[in-house]
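Let me begin by presenting the structure, written as structure tokens, before commenting on it.
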């Protein structure tokens, strides 16, 4: 083992792990904490472990074959199944992109104290995504470092909220290691399914299999291939462990502070804190429902304005980073499935337009305070698209004709 070699292979796994930290994930985390308390942490841990195993297969495919998943699908499948798979993964990318762009727009709205409307935040996110995407002209390592910086911002901001709220550590450990859900009903079950859909992203397997190609590996030398597989797996473990800790921060913050709270409880605190958002919560005994927007507001009511703005900075970092990696996924998928060789600007413009058009409509015609249902729907969409990514990954990595001596044999 060599730390120097590990450092040389570090990058693709952290870019991949950003999909585990997108605003859809954050919203799923905070809702599961508010609805089920600490009871669904074990679902989050199992989903992350399964996600790691699938990412390992996707990375192995890229390392061994020198082709990413979409390119292998193009070579191995007939026209009809190939087009069906392409449409399914594009649908997943559009759904994920909507969550990411609207998450960024909500963060901008919170940071501007409501002065920038949701549609304005969407337009800003579109513009700065184009700017950041051209950063890789200055070298892939610099781009990877920039994404690492965004992950650090998320860790610091959500870590600050975690320290401020001080969740019960005994309940946290029980929730992680004891698979139970006492007194759970339909809402809790919906959140459990939503966690799986939010954590394991279908298009992320296409992305990871392409990102590992950025490292030079002599595929004629089995020792080098085996070594690359080892270091990419170690890096993926570290990256997903970091993302898992950040997800735990969010779940436990809302499990500790807002589990079984009513609108009346929160409304009273917000009124006493002179929050400009206190009208969000009607003075009734219905159970509190939170999303990314309301989550920031209630943190501000309970723990001061600093908690609200720090929360918004974390959401903005999550939205910006995941929007950019989503765009990369779209480029790799389009190139691989359709064998298109367009200029970078044309590819980015098309993949952005496909995802942004429905997002902009939602932002214009929907209120920033009523987007929870859309996020739940999009997480279900991710779950439904998952088999269309799993089947090719599991199939190709077990075929000796594709993987040679590195086939899984399952």
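Just so it is clear, glycine is given a Cβ too, placed from its N, Cα and C backbone atoms.
Note that TrEMBL annotation is computational and uncurated.
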Quiz item: Any idea which of 31-54, 55-78 is down as transmembrane segment in TrEMBL?
Solution: 31-54
Quiz item: Of 2-19, 146-163, which span is tagged transmembrane segment by TrEMBL?
Solution: 146-163
Quiz item: Which stretch does TrEMBL mark as transmembrane segment, out of 84-110, 165-191?
Solution: 84-110
Exercise. Would you kindly list the residues that approach the transmembrane segment (146-163) from elsewhere in its chain, counting only those six or more residues past its ends and only Cβ-Cβ distances under 8 Å?
Key: 14-15, 17-18, 21, 132, 135, 242-243, 245-246, 249-250, 252-253, 299, 303, 307, 310-311, 313-314, 317-318, 320-321, 324-325
Quiz prompt | Candidate ranges 84-110, 192-211, 232-255, 297-318 - greatest C-beta contact count to the transmembrane segment (377-396) (under 8 angstroms) | solution = 192-211
Self-check item: Cβ-based contact of the transmembrane segment (297-318) with the transmembrane segment (84-110), 3 or more pairs under 8 Å
Solution: yes
Exercise. Could you tell me what the rest of the chain brings near the transmembrane segment (192-211), counting residues at least six beyond its ends with Cβ under 8 Å?
Key: 11-13, 15-16, 19-20, 22, 24-25, 27-29, 31-32, 36, 40, 43-44, 47-48, 50-51, 54-55, 57-59, 61-62, 68-70, 88-89, 92-93, 96, 181, 236, 247, 325-326, 328-330, 332-333, 336, 376, 379-383, 385-386, 388-390, 393
